[in-house]
Amino acid sequence: MRELVHMQAGQCGNQIGSKFWETISQEHGIDEMGSYHGDSDLQLERINVYYNEGQGGKYVPRALLIDLEPGTMDSVRSGPLGKLFRPDNFIFGQSGAGNNWAKGHYTEGAELIEEVLDVVRKECEACDCLQGFQLCHSLGGGTGSGMGTLLIAKIREEYPDRIMTSFSVVPSPKVSDTVVEPYNATLSVHQLVESTDETFCIDNEALYDICFRTLKLPNPNYSDLNHLVSLTMSGVTTSLRFPGQLNSDLRKLAVNMVPFPRLHFFVPGFAPLASRTSQSYQSCTILELTRQMFDAKNMMAACDPSHGRYLTVAAMYRGRVSMKEVEDRILETQTRNSTYFVEWIPNNVKTAVCDIPPIDFKVAGTFIGNTTAIQELFTRVSDQFSAMFRRRAFLHFFTSEGMDEMEFSEAESNMNDLISEYQQYQEVGIDDDYGEEEAAPEE
């Protein structure tokens, strides 16, 4: 089986990750003790992708829970799934990273990293045929961003040919926890550009908007936001976990989605989003589902795809849907909005269909877009970064951990390069010889 090793780092990563395990345990019929109570063989057919089978038919998530302080771990342990995870896979420090990227990446995190890598090796050795790794973390804090990127870099060295995916929560301007978020996020993106194959960008602001506007929740809390994230994560990983007519694994997704190795930051979306009360009153046709999937209001990151163009898109449908109708609707969407798709990548929309819908849905769709509009998200962080870095504000927190200002400048220019690469591919037409004229002067 193509196994995945799941890692979650920091407070945000552990909360989102735990919610994800709740969601997929429900889908696979695994209760909180790890016993199977499902009603369909399909639930067990590819269960090895995420679970190890322990003694007495108990299923144990192949998950590592990592944090630099014990608090979040304790709440996961006492939560609904506390007994499900393997006790040895809780790896935590005592000091905390204090929202400081340098502590997570260079000092505190570096002390814990060997312990984490030992558990990673143990999990990988038990695999039949390891497909890759996925990491849940946020980019605004200290542990998820600093230690998370350190972990990715280390695993990349040791398993260079395995796919590396991250679900990264990008800090948003309206929902901010700490002043140094722009620093932490920029330093993290600097690492992610080089070290991951696919990064799904999730944004608290977009999640709040969905809760307010679409789900009509008067005061959404973090568990509502995490529920949305877990729906999306479950959708993205559907085709790995269930047999369907079109199965794609993470590597196929990467091949279809990443036209240039640096541009691997995706905007995920989910449909149908309806408030819990009105859900049962709506029947969702494929037409409606497709329309919703491409709607900016359903995107989990705060950028508007209509401000840019899609390089590639993957659409995953779940439920009893007709393949032909799915293909027709997607084609229709593409022809009607052809200006929003770059014309130099023909058939750049990939569809996958899985027969098993998520819990509580008849049909559902997950959307993954590689759009040039995501530069809005990076530009926002970059502007905040520059404003603070120009004044060298808060820099002593980082330099006292042994970081150099040089590293900040590098991260800043790498982020700006990324933004201009997206911009460049947004503007290029089918007949522009972009590569040739740039390559000429080097001779």
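A Cβ is built for glycine as well, from the same backbone N, Cα and C atoms used for every other residue.
Going through Asn204, Asn256, Asn298 against Swiss-Prot, the one listed in the GTP site together with Gln11, Glu69, Ser138, Gly142, Thr143, Gly144, Asn226 turns out to be Asn204. Under a cutoff of 8 A between CB atoms, and with a sequence separation of 6+ in the same chain, the neighbours of Gly144 (GTP binding site) are Ala9, Gly10, Gln11, Cys12, Gly13, Gly104, Cys136, His137, Ser138, Val169. The local packing around Glu69 (GTP binding site), expressed as other Cβ atoms within 10 Å of its Cβ over all shown chains, amounts to 19. Sequence-distant contacts of Thr143 (GTP binding site), defined as residues of its own chain at least six apart whose C-beta falls under 8 angstroms from its C-beta, comprise Ala9, Gly10, Gln11, Gly13, Ile66, Asp67, Leu68, Glu69, Gly96, Ala97, Gly104, Gly109, His137. Sequence-distant contacts of Gly142 (GTP binding site), defined by Cβ-Cβ distance under 8 angstroms and a gap of at least six in the same chain, are Gly10, Leu68, Gly96, Ala97, Gly98, Asn99, Asn100, Trp101, Lys103, Gly104, Asn184.
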